[in-house]
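Peer 1: The following feature annotations were taken from Swiss-Prot:
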{"type": "ACT_SITE", "residues": "K65", "note": "active site, proton donor"}
{"type": "BINDING", "residues": "D14, K36, 63-72, T118, R179, Q188, R209", "note": "substrate binding site"}
Amino acid sequence: MSTSARDRLIVGLDLPTIAEAERIVSTLGDDVAFYKIGYQLAFAGGLEFARDLAASGKKVFLDMKLLDIDNTVAKGVENIVRMGMSMLTLHAYPKAMKAAVDAAKGSDLCLLGVTVLTSMDAQDVIDAGYGSDPHTLVLRRAEQARAAGMGGIVCSAEEATAVRRIIGAEMAVVTPGIRPTGAEKGDQKRVMTPAEAIRAGSSHLVVARPIVKAADPLSASRAILAEMEGVLSA
């Protein structure tokens with residue numbers, strides 16, 4: 001796994017139009033190598049945009065959080081492999097993960113199991129009908145992801161250290177809910193700064209609003225990259 005901050009920062013293109021996404025990618029230029037595309041942009045023509053990004057040499061994390069019957073998940077993953085994506089999320093349910101791993105075998109696609117959304121706190125987990133607190137549920141799903149042969153998991157930085165003890169050093173730990181010091185949390189409830197997340201064991205950081213909504217996105221991304229590099233090179 002690369003130790004370069006540039007390979008570990010994933011800018012979330014949580015934007016309503018392709019034109020806005022293209023503007024951000026153009027603004028960030030060679031400073032940023034990795035982008036995340038989720039539902040909002042995907043359903044505005046973003047899947048073709050994702051192909052174009054990959055073809056231009058950028059890495060693309062397709063945040064689709066797949067969950068369905070085994071065959072449906074497998075067929076979806078097969079097509080996503082053909083798109084040239086670098087990362088793909090699915091909910092960390094054992095059968096779905098196993099189907100995805102089998103479908104992606106032999107490719108470079110890194111499959112990520114989503115444990116508990118970083119917008120959820122303990123009460124949200126209870127309200128959803130789970131008998132566990134978020135931390136316990138994250139660790140259980142991390143173990144299931146490891147057993148299924150997944151490439152990594154998605155979890156908050158708060159759980160990253162404990163997750164590392166379970167999955168080891170080779171799997172990716174991708175962390176959303178990253179907020180630079182002084183930034184607003186927005187709809188995230190379990191957040192950390194870039195430096196805190198790297199120290200906790202996160203391998204990749206997903207940052208959206210603090211960059212794409214910044215007055216100067218390039219300066220914002222460079223500040224985050226510098227903070228990450230300071231920890232990675234220490």
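Placement of Cβ uses the backbone N, Cα and C atoms for every residue, glycine included.
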Peer 1: Among L67, I69, the binding-site residues in question, whose Cβ has the most other Cβ atoms within 10 Å in this structure?
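Peer 2: The residue with the densest Cβ neighbourhood is L67.
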Peer 1: DSSP on N71 (substrate binding site), three-state: which is it?
Peer 2: helix
Peer 1: Quick one: pull the CA-CA distance for N71 (substrate binding site) versus K65 (active site, proton donor), whole Å only.
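Peer 2: Distance between the two Cα atoms comes out at 16 Å.
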Peer 1: Which ones in the same chain are close to D14 (substrate binding site), with CB under 8 Å and 6+ residues apart in sequence?
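Peer 2: In sequence order, K36, G38, Q40, L41, A208, R209, V212 meet the Cβ cut-off.
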Peer 1: Taking the recorded positions one at a time (D63, K65, N71), which has its Cβ surrounded by the most other Cβ atoms within 10 Å?
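Peer 2: Its Cβ has the most other Cβ atoms within 10 Å: D63.
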